[in-house]
Amino acid sequence: MSVSSSKQPGNDANDANSSVKGVSHLIIVQIIAKLLTFVLNQLIIRYLSPSIIGVTTYLEFICSTILFFSRESIRLSVQRVRNNSDNKDYVAQKVVNFGILAIAFAFPIFMVIGYWQLNYSSVMDKLFVSPFYKPVIVLFVASVILELLVEPIYCLYQFQLDFGKRSKFEGSAIFVKCIVSVLSILLARQYFVDQKFEGVAICAFALAQFSYSLTLFACYLMSFRFEFQNNKINYNLVKLKDENAREFYFEQDTLTIVKGFFVQMIFKQFLTEGDKLLISHLCTIEEQGMYAVMANYGSIIARLLFQPLEESTRLMFTKLLNENTRSQGDEKPQKSESHKCMQTFNYLKLISIFYFNLSLIILFAGVTSGPYLLKLLMGGRASNWESTDIFKLFPQYVVYLPFLAFNGILEALFSSMATNSDLKNFSKFMTLITILVLIFSYLLIDVLNLRISGLILANVFNMSSRIGYCYFKISKFYSKENVKVSFVDIVRYSCPSILITSIIWIIQLFIIGKNTTNFVQLILNACFSFVLVIILMVMERKNSKKPFEKVTNKFMKPKLD
């Protein structure tokens with residue numbers, strides 16, 4: 001009996017093709033949903049103060065931290081579950097068991113983070129003196145519980161590379177969240193003012209988050225019951241037997257990987273989200289709100305494009321590179337492994353070219369027009385933020401975005417090819433970097449009083465260190481297959497594009513100046529950016545043609561057959 005007639009794990013071509021088709025749906029839905037979020041948020045930002053945004057952003061960060069620690073190591077590991085049985089229900093149940101493990105992880109994590117927040121968080125002190133703080137806490141806790149309850153189903157769909165369902169479910173949930181937040185804020189504005197409005201506004205965001213989680217829960221649960229009602233897959237922890245009749249709940253090899261990833265995720269969370277922890281202790285509520293708005297507007301491309309690409313790349317590479325562990329009886333393992341290695345390397349070249357050129361365009365357009373665009377988007381509402389340095393700091397955040405992008409894709413590749421030994425070594429490296437980043441951040445933010453500028457510099461150091469480590473490990477991985485990844489070649493390859501970008505920027509500097517200050521200059525910057533895009537496309541046409549053809553031919557082959 002099969003879990004799903006359309007899913008046949010074990011065929012790397014089908015896996016890759018499924019991943020490519022699925023991620024296209026995921027990217028499209030996420031772009032539409034997040035653009036909708038962006039547009040609807042424009043309707044309410046005029047009513048919100050930096051302190052409201054600071055508190056709500058921090059509460060969302062706490063919820064995401066609990067969810068991250070509870071489930072991320074499992075999400076990274078379930079693709080490694082061995083598909084070593086003809087009974088697809090048996091394999092699916094192994095995956096579901098790991099999803100249940102995420103719920104068990106959550107209880108101690110809830111206790112630790114809850115105690116820490118109640119005793120050491122200045123943001124929570126601010127929340128407790130505001131009206132309606134009790135419903136806020138209840139709604140956020142309930143939303144975390146609901147999202148954890150769907151984790152077994154999420155893991156099953158992820159194992160099957162079924163991005164279609166995820167894109168539909170998340171798109172629906174984001175839409176509901178947007179509508180609830182906008183309507184709640186607009187309604188609260190009619191009946192409350194001053195401090196009471198701030199309390200109700202925070203409660204409105206909590207209600208929106210709860211509606212998001214409830215929608216996800218309903219969609220995943222109904223889908224699971226409809227699709228698997230005739231299969232022998234249980235939504236609970238089931239004791240299984242291996243080929244030697246030994247009973248187990250969790251596949252031992254995969255459980256070892258979960259442990260390795262869990263330790264790694266602790267440090268990754270501190271490094272990735274440590275800026276929010278630092279500013280909660282070193283910055284005022286208003287500064288936190290300013291940084292949240294800047295990050296929200298500045299990273300919209302990262303959230304729309306980079307994040308889906310990173311996740312799909314990690315999943316696809318993991319399935320391809322670990323398929324040999326499920327087919328040890330094949331007569332041509334060496335040929336298959338070498339072929340998979342070259343397939344992933346071609347994809348790596350293609351996506352690196354894309355990321356590099358997109359980063360140049362982001363820097364060229366964002367540094368020049370970013371502050372003006374931010375003012376334009378906020379319109380007459382900008383007066384609420386005049387006392388902050390958000391418009392001066394925004395170009396600095398734009399410079400940070402390429403580091404964020406390359407770190408994300410390289411870590412996705414590294415996690416897909418890492419062994420248990422690699423994960424242990426990476427955990428040690430992350431320990432060292434965590435300590436260095438915390439010290440560096442404290443010195444820049446507090447001692448040198450650079451505030452958010454210091455925070456951005458610390459984040460650049462953080463991402464640069466991780467990029468360097470992942471580059472070294474990825475190069476070492478491919479060198480075993482006699483594929484050379486040379487840093488000198490990368491620099492030589494990058495120089496012409498950087499030179500062209502610099503020349504166009506200098507020309508623009510004489511015509512527009514360092515930053516745009518009016519709509520005419522914004523249009524001129526857009527024209528210069530368009531010219532840069534055309535030139536870069538012409539320059540990269542030959543470089544990207546060969547790897548692009550290899551990747552597309554491989555992925556489209558099942559369709560042609």
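Every residue, even glycine, has its Cβ placed from backbone N, Cα and C.
As recorded in Swiss-Prot:
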TRANSMEM  25-45  transmembrane segment
TRANSMEM  49-69  transmembrane segment
TRANSMEM  95-115  transmembrane segment
TRANSMEM  136-156  transmembrane segment
TRANSMEM  168-188  transmembrane segment
TRANSMEM  199-219  transmembrane segment
TRANSMEM  350-370  transmembrane segment
TRANSMEM  398-418  transmembrane segment
TRANSMEM  429-449  transmembrane segment
TRANSMEM  452-469  transmembrane segment
TRANSMEM  493-513  transmembrane segment
TRANSMEM  519-539  transmembrane segment
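Per-stretch counts of Cβ pairs under 8 Å to the transmembrane segment (95-115) identify 49-69 as the leading one among 49-69, 168-188, 199-219, 398-418, 493-513. Segment contact holds for the transmembrane segment (49-69) and the transmembrane segment (199-219), given three or more CB pairs below 8 angstroms at sequence separation of 6 or more.
In this chain, the transmembrane segment (350-370) touches the transmembrane segment (493-513); three or more CB pairs sit within less than 8 A of each other, excluding pairs fewer than 6 residues apart. At the 8 Å Cβ cutoff, the transmembrane segment (199-219) and the transmembrane segment (136-156) share at least 3 close pairs (sequence separation 6 or more) and count as touching. Contact check: the transmembrane segment (168-188) against the transmembrane segment (350-370) gives fewer than three Cβ pairs closer than 8 Å, residues 6 or more apart, which falls short of the contact criterion. Here the transmembrane segment (25-45) has long-range neighbours at 163-164, 166-168, 170-171, 174-175, 177-179, 181-182, 185-186, 293, 300, 303-305, 307-309, 311-312, 377-378, 381, meaning same-chain residues at least 6 beyond its ends whose C-beta is under 8 angstroms from one of its own.
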